[in-house]
Every structure is written in C-alpha cells, then in structure tokens.
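J.: Residues or ranges marked as domain 'Major facilitator superfamily (MFS) profile' by TrEMBL: 1-375. Taken from TrEMBL, the feature transmembrane segment applies to 36-54, 66-83, 95-116, 128-149, 155-175, 196-218, 233-252, 264-297, 317-343, 350-368.
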Amino acid sequence: MFLLAVGTFALGMGTFIISGLIPEIATATHTAESMVGQMVTVFTLCYAVSGPLLSSVLTRLSTKTILLASIIVFTIGNIGTAASESFAVLLLSRAVAGVGAGLYSPTAAAAAAYLVSPEQRGRALSVILGGLSVGTVVGVPLGMLLARAQGWQSALWLLSAVGIVATIGIARFMPRLQVGAPPGIKARLGTLVDRRVTPIVLVSVLFNIASLGLYTYIAPVLRATAGITNPTLYLWIWGIGGIIGAFAIGPFIDRSSSTTRVMLVVLAALIVAMAAITPAGSVIVVLCVAVAVWGAAGFGSPPPQQHLLLERAPDRGAVAVAVNASAIYLGSAIGSSLGGLALHAGVSAAALPMFASGFAVLAAIAYVTRVMPNRAPNIATRSVPSEEKG
C-alpha cells in the first residue's frame, strides 16, 4: 500500500511542480511564460483522457503490469523534462508523463481496494489519495526549494527519483493480481450525457478552470501583484489550506442537511479569495489568507461533488465519480491554456485572478440554476407509467 502511495505522491508533485518553475523555465528556454504554462496544459489534458482511452485496451494485462508500465512512462516523461532545455521536447515529455499519470492513478486506487478487506477499503483509498495530496502540499514546495538552490531541473530529477523508487518497489513487492478495469470511454460518455450527472460535472470543469488554471500561473501572478519573486512560501500556504479544506469538508458535509449548500459555500469562498488576491497587493496578511482560502476551497470541492453524484445517480456511482475526476483535470487543462492565451495577448498577470474569479462565478451560476433545483429525475425512483404496469 505504501509503495502505491509513493507513486501517487510522485503524481501529485508532478502535476503541479511546473507551476512554481514557470519563470525559471521561461528564462532557461528563452520562451514566454504564457507558452511555458502550456506544459501544465498538455500534462493535465493527457492525465484527463489517458485513463478512459487506455483502460479498455489494457484489460487483458495484470494490474501489476499496468502499474509498472504507467509509472515507468510517467518517470520517463519526467526524466525527459529534466534532461532537456528544448521547449518542444519539454512539451512532449510533459505529455508522456501525463499519459502515465492518468493511467496509474485509477489503477492504483483499484489495486488498493482489492488488496484489503472491505472494512479497510476506505482507509486504503485514503492512503492512495493522501499520497496525491502530500505530493502537492509537501513535494511541490520541497521541489521549489531544491530548484532555488540547484536549478529548475533538479526538482524534476527529484521527481524522477521518486518515480524510480516507486517502480522498484512495485516490481519487487507488488503481488500479481487482476482487478476490474477502470471505466472506459464508452461508459464515461454514457454517464456524461445523463442529465443527473452533466450539470454537476460542468460545475467541476468551470471550478477548476478557475482554481487549478490560476494555480498554473501562481508565480507570475504573485510577482505582478505583490513583487514576490520566490513563491515557495505561498505554495506552502496554498497546500496547508488545501489539507485543512480536504479534512474539514467531510464532517461539514455529514453535519449539514444539504450537500448543495456546502458546495455553494465552497464556491463563494473561491470567488472571494480569488477576487481578493490582486487588491491585496503588498498587504501580505490579506494575501496569505486569500491564498489559504483558495487552497482550502480547491481541495474541499471534490467531496461534496462526489457525494452529490452518488446521491443523485446511485446507479452510475463509480463511473460518475470517475467522470468527475477527469473533469477536474480537464478544467485544469482549459484554465492553464486560457491563462497562457491571456498572457500572450498582453493581459497582465495581475489580472488573471479576476479572470479566474469570473469562471468561479460562472460555476456558481451553473450550480444555482442547474444543480440545486435537481431538475433531472432520479431513475432509481421514478414512477412507472400506467401502460407499463402489470
């Protein structure tokens, strides 16, 4: 279980490490920061689509083989990033790493659930997801510290080393087993057009265009708004806020009589936090609070969304949750792409938080108008027309 979590730690670190390194990579490759941000776009886009596209093709392989292949592909991509200063190669290497990450993550979760008794599955899944969170919260700032001391490539070499450790551990200690494949593209598309699922997933896309899309450009945003040239402290603050949000949201949902109201609070928190970043400027305390709330909202959004999907569409539960996970990374890819286009068009990085908050407002509008009214009937409970009755 620990070895699987080492792999997801690497995934969490790999997903966001480039965000803090954008200025350094731009300087080293003589490339605009808006273009460097597309390294995040290609990674998250490949992350979002590789699992659904490849899972049905690889069903005949053992789970151990899929885990090994995916973590090796992920690590090769990171080595390619670390070893090159050609921007074209950097983009290609991030795409390769994203493909490996997108296949590893759902396979590791399925393997973790299979390796333990039903009573321990919740804990096992929390360990795997915890690896992702710790990789983001701890791995990214540690990589930034190393990059400041040894150059930006050193953070990618560290990430590659973690991937190698996970590869060796899985090869040596992981038992050979065969678990059910993650939902394929056909199952996901069928779920995506379900009227109970579509509005919720749309909100996840819009939410993460704002949250993760803006995070891609956190370094240039902090430099433009507050003159901060080293974003490491703020990466820690964002991550710590994320941990608080991830752990606090569960009890909040359990105590609340309405999951939709919980998510509405999360949306409001994200809007306020993002809108406050640029006006805060050099008021460091306000900026720190805004970044922490942003992180808490970002990490706090998946649980109420998943809870609502399971509540509204219980007959599609696992597939709906998988679709929502892909939507998160799709939103990240769209957000980082749009942010890069805005910077390329001459928009100041200081304006990006306001643009991002606009997408958060759109997410809130979609939530209030399409999700909260619960317009789509629940198939499991709909009444049977008279002509269908015996």
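Yeah, the Cβs are placed from backbone N, Cα and C, and that goes for glycine too.
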J.: Pairs 6 or more apart in sequence, C-beta under 8 angstroms, 3 or more of them: is that satisfied by the transmembrane segment (128-149) and the transmembrane segment (233-252)?
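T.: Yes, the transmembrane segment (128-149) contacts the transmembrane segment (233-252).
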J.: By a Cβ-Cβ criterion of under 8 Å, what residues six or more beyond either terminus of the transmembrane segment (155-175) are in contact with it?
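T.: Contacts with the transmembrane segment (155-175): 3-4, 6-7, 9-10, 13-14, 17, 21, 64, 67-68, 71-72, 74-75, 78-79, 81-82, 111, 115, 139, 142-144, 146-147.
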J.: Could you check whether the transmembrane segment (264-297) and the transmembrane segment (350-368) come into contact, where contact means at least 3 Cβ pairs under 8 Å with the two residues of each pair 6 or more apart in sequence?
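T.: Per Cβ check, the transmembrane segment (264-297) touches the transmembrane segment (350-368).
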J.: What residues in the same chain, six or more past the boundaries of the transmembrane segment (36-54), come closer than 8 Å to it by Cβ-Cβ distance?
T.: 14-16, 18-19, 22, 25-26, 29, 81, 87, 90-91, 94-103, 105-106, 182-185, 188, 212, 216-217, 322, 326-330, 332-333, 336-337, 339-340, 343
J.: Near the transmembrane segment (233-252), which same-chain residues lie under 8 Å Cβ to Cβ, leaving out any that are not at least 6 residues past its ends?
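T.: The answer is 20, 133, 136-138, 140-141, 144, 215, 218, 222, 262, 266, 287-288, 291-300, 303-304.
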J.: Out of 95-116, 196-218, 350-368, what stretch is closest in contact terms to the transmembrane segment (317-343), meaning most Cβ pairs under 8 angstroms?
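T.: Between the stretches 95-116, 196-218, 350-368, 196-218 has the largest tally.
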